[in-house]
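Below: the structure, in structure tokens.
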Ligand code: DON
């Protein structure tokens with residue numbers, strides 16, 4: 001009992017502190033990010049960006065570099081980089097073809113709608129976030145292999161070689177990493193029943209290697225994607241699952257497939273925005289919000305001005321209300337995509353907006369579509385020298401996922417099952433409310449907010465970007481796009497600028513602390529908005545690449561993390 005209490009206490013603590021255990025960075029003024037002539041990788045770790053860039057330099061393309069970068073993040077950034085999670089890829093090929101790959105985790109075959117509820121129908125605390133019942137079937141290895149097989153140029157063994165060496169030879173712990181690991185140390189011990197590789201003896205500057213992960217990657221390099229889903233790795237994983245009381249079986253792993261999807265694409269001024277479709281809510285919500293704000297002259301109102309924030313927040317409220325009701329896995333639920341993103345519907349949604357006061361949240365709910373025609377994560381962006389661009393967001397959900405660390409294989413397992421709606425109307429880890437569309441069913445994918453996005457300007461590649469941050473992902477991507485397009489910030493400034501967020505419920509504007517003008521905060525409060533600056537020190541860790549007018553690339557790497565742009 002005492003043990004459980006400690007766990008509950010620590011996990012509550014982590015929602016507020018471990019998740020993003022860094023201070024808000026100083027704004028960067030008039031600063032361009034790194035500029036390169038040909039190609040670039042921007043990711044959460046210098047080593048991962050470097051390996052990705054090296055693969056591009058040796059003639060690989062963005063999809064080869066994806067495999068290398070994603071696996072190098074699993075080595076150096078176990079907080080979110082993974083083999084035990086999933087993700088989404090949005091791409092634009094040099095010839096302008098666009099597409100998306102869904103390698104989101106799935107619910108196990110033995111999953112049931114009420115698996116996180118007790119006899120009284122109440123949500124059992126932590127069951128969907130910590131430990132073996134929180135784990136969805138991992139999709140990452142299927143995803144990187146599927147993308148590389150269709151579009152890549154190099155041999156898998158060539159791509160994975162430097163990553164395996166990195167895992168074997170080690171990399172240096174950063175200051176932020178030291179703090180993060182230390183704040184999770186007791187939780188790791190409590191959940192795993194022992195001290196794991198990542199523990200509070202690690203100090204910034206220490207070199208850490210992961211021999212078990214190196215062996216796992218070597219087997220995957222030798223035998224391909226099926227090694228993870230059907231081979232020795234699969235057997236070891238299922239043995240581990242059984243020991244921990246998980247319901248995931250060999251059949252679950254063997255049946256897993258990544259899926260190609262049509263991305264969401266829409267116009268905003270002279271931009272074509274292409275982003276992730278369901279089972280992510282990212283693309284649809286971004287589409288809804290940008291369509292709702294397009295009639296307003298944000299440029300004239302000014303960057304982070306009272307009026308700009310009001311318009312954005314009110315559009316966000318309405319989009320998140322729709323998200324909670326209509327969105328889920330498109331293989332299981334019918335989503336009225338056309339209506340939800342139509343101009344007529346969205347103009348109607350904004351009709352009761354006024355600059356005089358906030359629209360009350362209970363008067364919003366989800367829109368009525370009858371009457372209209374016919375419904376801890378990390379991001380990296382890559383542009384290669386062939387002209388292909390990709391945006392990839394990958395996750396194990398919370399920081400270090402379910403906190404379960406598979407010693408023998410060298411990686412953490414996700415807690416993505418929490419992205420389902422365990423009970424209609426009850427908020428999840430990110431405070432998001434869900435409904436029937438996102439209820440649990442065997443083999444269903446849980447709804448995501450991940451928003452890997454690619455922009456074209458007048459038909460040419462313009463920008464690739466994305467971010468972690470749970471429910472705040474969509475609004476962080478939105479602000480970064482507007483910072484460049486409407487407010488003419490550089491890519492680096494756009495990424496560094498202070499951020500705010502609204503998600504309909506709870507009824508508040510979340511703001512990065514001490515980053516916004518005091519008068520602005522007072523004015524919003526006077527109008528009736530509830531400003532909350534204490535929820536977390538940062539909102540999102542955005543990474544992006546912008547094509548400048550002279551054809552060079554500018555990297556925007558977020559200093560809220562250890563994120564770094566590398567290219568040539
Ligand atoms: O898919 C989603 O929306 C969440 N699992 C993402 C989690 C996340 O961004 C955590 N990072 N802070």
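Each residue, glycine too, has its Cβ placed from N, Cα and C.
104 is the residue from 104, 150, 180 that TrEMBL records in the L-glutamate site together with 395, 396, 397, 419, 448, 449, 470.
Within 10 Å (C-alpha to C-alpha) of residue 377 (active site, nucleophile) lie the following binding-site residues from 396, 397, 419: 396, 397.
Its own atom aside, the Cβ of residue 104 (L-glutamate binding site) has 30 Cβ atoms within 10 angstroms in the protein chains shown. Counting every protein chain shown, 28 other Cβ atoms lie within 10 Å of the Cβ of residue 449 (L-glutamate binding site). Looking at the residues that bind L-glutamate per the record, 104, 395, 396, 397, 419, 448, 449, 470, the two CA atoms farthest apart are separated by 14 Å.
Sequence-distant neighbours of residue 397 (L-glutamate binding site) (same chain, 6+ apart, CB under 8 A from its CB) are 85, 376, 377, 414, 415, 416, 418, 419, 429.
Sequence-ordered, the extra residues of this chain that approach the L-glutamate site, with Cβ no more than 8 Å from the Cβ center of 104, 395, 396, 397, 419, 448, 449, 470, are 86, 377, 416, 446, 450.
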